[in-house]
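**Student:** Relevant sequence annotations retrieved from TrEMBL are reproduced here:
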type	residues	note
BINDING	R70, E122	substrate binding site
BINDING	E122, D148	Mg(2+) binding site
DOMAIN	9-216	domain 'HpcH/HpaI aldolase/citrate lyase'
Amino acid sequence: MQTHARPYRSVLYIPGSKARALEKAQTLPTDAIIFDLEDAVTPEEKPAARALLAQTLSEADYGARARIVRINGFDTPWGRDDAAAFVGAKVDAILIPKVSTAADLQAVADVIPGLPLWAMLETALGMLNAAEIAAHPRLQGMVMGTNDLAKELGSRFRPDRLALQAGLGLCLLAARAHSRIIIDGVYNAFKDAEGLRVECDQGRDMGFDGKTLIHPDQLAVANAAFAPSEAEVDLARRQIAAFDEAQAAGLGVAVVDGKIVENLHIVTARQTLAKAGAIAAMGNS
Ligand SMILES: CC(C)(COP(=O)(O)OP(=O)(O)OC[C@H]1O[C@@H](n2cnc3c(N)ncnc32)[C@H](O)[C@@H]1OP(=O)(O)O)[C@@H](O)C(=O)NCCC(=O)NCCSC(=O)C[C@H](O)C(=O)O
Ligand SMILES: [Mg+2]
């Protein structure tokens with residue numbers, strides 16, 4: 001598990017063209033927002049959405065929520081103008097769609113100095129190049145684009161996401177090897193809370209930091225699934241106490257609930273407590 005200064009349990013997409021949704025998000029319990037100029041915005045609306053978003057971000061207060069802008073690709077008519085519009089803006093990161101190589105990232109890095117970059121991992125080539133993408137020095141986070149990936153693979157939806165597992169696993173390995181944030185893909189059936197819960201639990205079990213979402217009704221499920229449970233916090237505290245006691249007695253191993261606790265488990269326990277603390281500080285239940 002990786003801990004970061006802020007939680008990313010819930011990462012809500014908001015179409016940059018929807019003024020009401022942009023306003024509403026200022027009060028929603030989401031850890032981060034992706035302000036989208038790509039797939040959620042029609043070609044006809046793109047220039048107006050870019051202007052609305054730039055204006056909104058200069059005025060609105062999104063509090064502690066991370067503000068990430070998803071621009072269009074540089075192989076489209078809008079990508080370069082999107083990038084130019086957010087240089088120096090009040091945003092935490094720029095998210096680049098369909099990143100397939102480290103060179104795709106570098107092209108954006110060259111025109112946006114300073115700001116952290118995030119990459120959508122959603123092409124077959126991106127899966128195969130996940131390691132070089134994650135290693136890019138400007139990269140901070142990775143987002144799985146499971147719709148585009150399924151489209152490229154020709155795979156069908158399955159609740160267990162069998163066809164996507166290889167790609168999800170490759171990207172997760174790459175993110176962890178380079179200490180990057182990594183967020184799971186969206187669950188399209190936004191009225192199916194139980195299906196979302198199952199997919200969130202799968203993502204959390206695999207090691208993702210959180211889930212991208214498309215509707216406010218999905219927030220509570222993701223926030224619960226990706227937060228340490230009370231039982232996990234309690235166990236972490238007891239492991240740390242037992243290990244401290246063992247060390248004071250000159251031992252390198254403790255036993256808690258019939259299981260050994262070594263140094264490496266203490267690293268995880270401390271990360272669990274740090275994550276719980278960061279969530280409490282954020283104020284989103
Ligand atoms: C999915 C939706 C089109 C549903 O819209 P709608 O029917 O209007 O929803 P509701 O009437 O239930 O909305 C209720 C209120 O909630 C607000 N709302 C809705 N969605 C959002 C949102 N995403 N963020 C903030 N607020 C939202 C409405 O304004 C209503 O407010 P109120 O007036 O107070 O009642 C719609 O939810 C939507 O457009 N979702 C986002 C879709 C999107 O961003 N898609 C692109 C990202 S996913 C993707 O690209 C995946 C990736 O690249 C891949 O390859 O997998
Ligand atoms: Mg996509």
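We number each residue from 1, going along the chain as drawn.
Just so you know, glycine gets a Cβ as well, placed from its N, Cα and C.
Describe the structural surroundings of these features, if you would.
**Tutor:** Other Cβ atoms within 10 Å of the Cβ of R70 (substrate binding site) number 24 in total over all chains.
Neighbours of D148 (Mg(2+) binding site), defined as other CB atoms within 10 A of its CB across all chains, total 19.
Mean model confidence of the domain 'HpcH/HpaI aldolase/citrate lyase' (9-216) amounts to 97 (pLDDT, 0 to 100 scale).
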**Student:** At the level of the C-alpha atoms, what whole-angstrom distance separates R70 (substrate binding site) and D148 (Mg(2+) binding site)?
**Tutor:** 15
**Student:** DSSP secondary structure for R70 (substrate binding site), reduced to helix/strand/coil, please.
**Tutor:** strand
**Student:** What's the CA to CA span in angstrom from E122 (substrate binding site) over to D148 (Mg(2+) binding site)?
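**Tutor:** D148 (Mg(2+) binding site) has its Cα 5 Å from the Cα of E122 (substrate binding site).
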